[in-house]
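Step one of this worksheet: look at the structure below.
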Amino acid sequence: MFINLTIDSYYEYFLTLLGWIISNGIWDLMVDTGAFAIPFLAHLIRLFAKAREQGDDEGNKGKLLATWLENAVYGSFIVMVFTCLPLFNVSYNTLQFDTARMKECGYTVRKPTDLGMKGLSSELTGQSASLPLWWAFIYTVGKGFTHGAIATIPCKPDLRQLRFDVQHSRIQSPVLRQEIQQFAEDCFLPSRAKIRRQKIDLDEAQSRDLDWIGSSLLINTPGFYDIYRAKTPQPFWPYELPRDDALPNTGNGGYPSCKVWWADPNVGLRQRIIDTVNDDIFLQLRKAISPDLYNSGVETIVRSVVRPSNLYVSGGEPIYQGYGGNIVGAGGEYAPVQWVKNALAGTISAAGIAVADVAALPGFDAMREALPMIQGLLSLAVIIAMPIVMIMGLYGARVMITLTFVQFGIFFLSFWWELARWLDTWLIDTLYNSNTYSGSQTWSEALNWNFSGILNEKDGLIVKLVIATMFFLFPALWFGMMSWAGLKVGGELSSAISRSSNDTVNKQTQDGAKQIERQITR
């Protein structure tokens with residue numbers, strides 16, 4: 001008899017079948033060695049010793065022992081049949097990956113067999129496992145309840161995932177990185193030096209815009225990128241007269257202006273940088289932002305990819321500095337003393353950030369990615385341990401109920417992850433995607449500068465603590481409550497069975513005493 005099981009993550013897809021195959025193997029080992037009968041032997045020894053402790057006034061000890069054994073063996077046998085004997089078969093053909101939520105919220109859906117873990121799937125192809133009746137019932141009910149709870153959470157784009165993907169995008173081509181370095185040297189640094197040399201007053205938004213090579217101020221303001229040009233031949237532009245009349249024709253290309261070099265819609269540096277970014281990132285961006293603000297989001301992604309911390313020359317130094325950095329040699333306005341002061345200030349600032357990060361639990365993005373994997377591993381461990389724990393627990397109802405609550409608690413972690421992601425996205429959207437945070441006049445300017453905090457190297461201490469609360473304390477509180485409930489319910493059930501057994505024994509004892517009394521009277 002086959003049963004369809006629903007799984008929630010790619011990791012769980014591969015580990016569920018593996019866990020039940022191993023669990024079935026352990027149970028078969030217990031049956032072959034006779035270890036499955038140890039609980040019944042333990043009941044016999046325990047109850048025999050208990051019967052010997054009874055006084056002569058307790059009546060017939062043989063009947064007492066028989067009644068106790070009957071209750072203990074019947075109860076343990078029922079628990080064993082429900083929780084240990086394989087009944088429902090499951091294989092990769094009956095595993096169903098839950099995509100309803102993904103499709104509802106517009107997420108990209110991939111087949112589990114298209115992932116890097118498909119090798120494990122190939123190793124287990126053709127194998128099937130079997131689930132006992134009770135665990136098949138709990139699996140179905142637990143997953144159904146979890147999916148219903150997740151459906152109550154409104155759909156919202158995963159801004160944290162978008163941030164993570166953008167911040168880890170790198171330009172792999174050394175040729176393109178070298179060209180960006182040339183652009184910074186030929187266009188960006190001289191233009192910025194000109195602004196400082198002329199002591200042009202800039203407001204906060206303009207100063208931020210001048211922090212990167214694609215500055216709209218330098219592109220659109222006459223006298224900057226329109227008058228500076230490439231100093232070396234660029235292969236994407238042919239040698240052209242009269243534009244390149246005063247420059248040598250080496251046959252390797254022409255000398256476009258910095259504005260054309262950057263903004264050409266077909267072969268411009270900006271467009272070629274966009275082409276290096278994974279298409280999935282732009283799909284996520286379209287779902288996370290309105291169409292009229294899409295271009296501002298793209299500009300933020302380009303700015304993140306070409307920021308100095310992502311681009312290094314062979315010596316390990318950034319290709320260019322931000323507007324507040326030290327441009328020694330780009331105009332001569334930085335004296336050595338000023339350079340030392342800036343370097344010292346940057347060192348002190350970096351030390352302060354490092355101290356704050358130690359207190360703020362680093363690696364939140366990595367932790368967030370790893371949590372569903374950890375959930376799959378926890379489920380695998382519980383499934384494998386079930387037959388061993390049931391035997392060590394003497395097939396007790398209390399053990400069965402406790403494991404039931406543990407398994408349901410692991411299933412329901414999917415809800416807490418979804419809720420934490422939704423709250424995290426809401427927090428990011430509230431904090432970063434506003435002109436209040438950026439000091440901009442419009443939403444477009446705010447998103448163009450730092451959409452969803454993509455340009456942030458590190459989040460603030462408060463944000464990290466809030467995220468830690470959502471992804472750590474929510475599940476911890478949940479498991480605390482489930483553990484208490486499981487122990488409480490299991491204890492009450494065991495007590496009820498024990499009281500029922502004692503009532504039966506007491507009744508039989510009283511009946512035996514009355515029979516003895518009637519015989520003495522005769």
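Backbone N, Cα and C define each Cβ position, glycine as well.
Those TrEMBL annotations? Automatic predictions, nothing curated.
The annotation compositional bias 'Polar residues' is assigned in TrEMBL to 503-512.
If you look up TrEMBL, you'll see 12-502 marked as domain 'TraG N-terminal Proteobacteria'.
Residues or ranges marked as region 'Disordered' by TrEMBL: 503-522.
TrEMBL lists 20-45 (among others) with the feature transmembrane segment.
As annotated by TrEMBL, transmembrane segment applies to 65-88 (among others).
According to TrEMBL, the feature transmembrane segment maps to 343-364 (among others).
Long-range Cβ contacts of the transmembrane segment (370-392) within its own chain (Cβ-Cβ under 8 Å, at least 6 residues beyond either end) map to 8-9, 11-12, 15-16, 18-20, 22-23, 26-27, 30, 35-36, 38-39, 79-80, 83-84, 135, 399-400, 403, 406-407, 410-411, 413-414, 417, 471. Annotation source TrEMBL lists transmembrane segment at 370-392 (among others).
Per TrEMBL, the feature transmembrane segment maps to 399-417 (among others). For the transmembrane segment (399-417), same-chain residues at least 6 beyond its ends with a Cβ under 8 Å from one of its own Cβ atoms are 8-9, 79, 82-83, 134-135, 138-139, 142-143, 145-146, 149-150, 153, 371-372, 375, 378-379, 382, 386, 389-390, 393, 471, 474-475, 478-479, 482-483, 485-487, 489-490, 493.
What TrEMBL lists as transmembrane segment is 461-479 (among others).
Taken as a whole, the domain 'TraG N-terminal Proteobacteria' (12-502) shows an average pLDDT of 78 in this prediction.
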